[in-house]
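For A:19-37, A:74-97, A:124-146, A:152-174, A:186-204, A:242-262, A:349-371, A:395-419, A:439-460, A:467-487, A:512-531, the entry in TrEMBL reads transmembrane segment.
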Amino acid sequence: MNGFGALLRQRLRRDRWTLLWWILGTTALAAIVPGAIGSSYGTEAERAGLLQLTAQAPAILIFRGTPNGADEGAFSFFLIFAFLGLMAGLMNTFLAVRHTRAEEEEGRAEQVAATPAGRITPTIATVAHGVLADVVLALLVAAAFAGGGLPVSGALVTGAATAAVGIAFLGFGLVAAQLFRTSRAANALSVAAVLAAYVVRGIGDATGERSADGLHVTPGWASWLSPIGWAQLANAWNGDDWVALLLPLGFGLLLVLAVLGLQRVRDLGASLLPGRRGRASAGPVLASTLGLAWKLDVGVIVAWAVGGLFTGLLATSLTPLVDAIATDAPQVGDTLQGIAGADGTIEQALLTTFFTIGGLLAACCAAQIVIKARQEEARGTAELVLATPVGRVRWLAAFLAVAAIGAVLALAATFLGAVLGTASIDDPSQALRDSALAALGQVPAALVFVAIPALCFVLARQATIPLTWALLGLSGFLGVFGELLGLPDWTHDLSPFAHAPTPQGDDYDWSGGWWLLGVAAVGIAAALVLMRRRQVAGDG
Amino acid sequence: MTTVIRTEGLVKRFGRTRALDGLDLDVEAGTVHGFLGPNGAGKSTTIRILLGLARATEGTARIFDDEPWGWASALHRRIAYVPGDVSLWPNLTGGEAVDFFARLRGGTVDRAAYTERRARLMQEFQFDPRVKGRAYSKGNRQKVALIAAFATPADLYVLDEPTSGLDPLMEQVFRREVDRVRADGATVLLSSHILSEVEQLCDRVSIIRAGRTVESGSLGELRHLTRTSVSFATNGLDPAAISALPGAHDVAVDEARVRFTVDSDAVAALLPELGRLGVQGLTVEPPSLEELFLRHYGDELAATGAEEAPRA
């Protein structure tokens, strides 16, 4: 295989930082689990209590895994494995598309294929690259669990299962790259497939059959449709079933073979599905910068709104858990009571927690849209628009307006999810009232994240993107977890989410909301005024 | 004649580098003005200041007697702009982008006229409007900006290396469009380093170097500053007689032809002398723009050659 070594080295070199972050991030996720279990669910009885609790609201299993015993190892696998599979899946599909379709799209593949390496070797090198990354991931994940004091054999199974999910999706990513003309379409299909694998497995767990003691679940048939579901059958620390891993590995191998077959007959740059042709002329929306900002961002809004919908669904559908928590897991009950405040009910605390996450999603939506303005500037399309009779201030204002609309729509979707979630409650009036107030209360907090990225954009354009996400991440962390982790109050107070009005009993205090609205309004106005004096950069 | 663009002592600093170093530029109404200089001379920086996208560190720039930074959007109603490297939105088609720019510039008010202009330009530029932005080649992205610029009438066309990536046939279409808008009375600022294009299209030329204008005038005026090349058949003429020709420089004689250069304003005085010698196969070539250009940049070429030599 001509040039295989050079191609593999080039891939490793190109991805050294990207993969480092993916692998370390996934490993970190694994590494925090043993410690977290020690502090929150130290005894077998507590763990058994939580597992039995999930029988009351099986929906919660969508976000966890298959209950399979209360000992520390099996409980860790239950808590975190589906997330590890999700991360490994995303890492691998991005990797596969990055080195195949993206290269073809940019025309670089052509230059490589014109060397003795040819059309096929680059794909084989990509497979080797992905497998290598998965092996490293497997070893680090295993080391993380073993280092946390869990039995080594189970740790190795967990690592191997994570890698097996990765390899299954490596194959999937390569197939997606064969199907579409653009890397964007291939990535979109792959991400959808990974998320679907995660959710489908969750449905399998939630609809599974529970054992008499309530500690074990046999997943439903849906889990058999998902590579993450297959890998979960390995049941680390409770049987260590290595054979189950042959399923995802075989799936990956089959897809890789299919891809190599396809590449023998496919022209370089061509795709199995024809590239979609678009409109010959612009529709009525595309008549102003506001229309442009809307058209560029409507996909972003839909994506965050779907996230909000699911968050809202959980906010109310988990209510039946509350009674069980109070009796079975008093610790969790105390924490929730802390969030609710002295006047609030535990139901309100649960609801508020989910709506704060909804607010965070809405803030992410707003921030991502404002960041688009920066991306327009860096790409050069902003310059083309600003060379027409559109002023700088009006151009930025269009993105800020769409960001605000996006945040409101994301929260509206969260509320809609909550309304749907009340279907299982006998008397939903209280839950509906609390949901409406909680959703409304998050709007000012989310709007602050129209102002913050706008100010970053105007004052520190190069740093807009990292600075925005860093501030948002910090605010989310302090706002959602600050109290749970027992951090000092003043750090908690730094986060806009800490000041969002929440329903407490029959009270609803809007003073924090006014403050947040004031901060957002002043920030947005300042950004627009400063924009009058800011130059538009032609390059990065 | 009124002046459409006037800059005086324009300076633009980026940190320590001076992209513009006292640039003067005058563009008269109704002319096609060539704006010449190699990469990095400051052409695009000047254009960005003229469009009000960047602010001059020092000096003044005026378009239609207004200051572009403060009055950008009002001025842009009268301006069409084509950059040298067009970026498009990956998920919008070329046709959508063209319509969007036309709407922003108010070009679609007369729908029927706009539709007709758009259809004509798309046909002449052989452009497929239904492809998404990310799938266009460099030349096709350039066509989007050109069609958008010419589909809506403007008083001033600012074209920054507009034909980069176009094939020779499309360059012809572009030249026809420039001639058309000039005939309609518009002003064109054409930044380029394709000298044949400038020679064919431009009434006046400014040559800039390292952020300064080094030469400005009509092509005729500029030609006066340089020498014309003359050559004829040797035919056994007496070398002494050739050396004695008035104004002849750099005389070179080989078996077939005699070549020399002469100051452009001395050509008239030379012709009777050539007639007396009875020369045959006479050619008299005015200096090409390329020679004008190289006269200003030749030393730079030599200098970079010298710098790079030790490395090689």
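Here the Cβ of each residue, glycine as well, is placed from N, Cα and C on the backbone.
All annotation found in TrEMBL is predicted automatically rather than curated by experts.
Counting Cβ pairs closer than 8 Å and at least 6 residues apart in sequence, the transmembrane segment (A:395-419) and the transmembrane segment (A:467-487) reach fewer than three and form no contact.
With a threshold of 8 Å between CB atoms, the same-chain residues lying at least 6 positions outside the transmembrane segment (A:186-204) that come near it are 61-63, 82, 85-86, 89-90, 93-94, 96-97, 101, 169, 172-173, 176-177, 179-180, 219-229, 232. Put simply, of A:19-37, A:124-146, A:152-174, A:242-262, A:512-531, the stretch with the most CB pairs closer than 8 A to the transmembrane segment (A:74-97) is A:152-174. Long-range neighbours of the transmembrane segment (A:124-146) within the same chain, counting only residues 6 or more positions beyond its ends whose Cβ lies under 8 Å from a Cβ of the stretch, are 1, 4, 7-8, 11-12, 15, 19, 22-24, 26-28, 30-31, 33-34, 73, 76, 84, 88, 91-92, 95-96, 99-100, 152, 154-156, 158-160, 162-163, 166-167, 170, 174, 256, 260. Here the transmembrane segment (A:349-371) does not lie next to the transmembrane segment (A:242-262) in space: the count of CB pairs under 8 Å, restricted to residues six or more apart, is fewer than 3.
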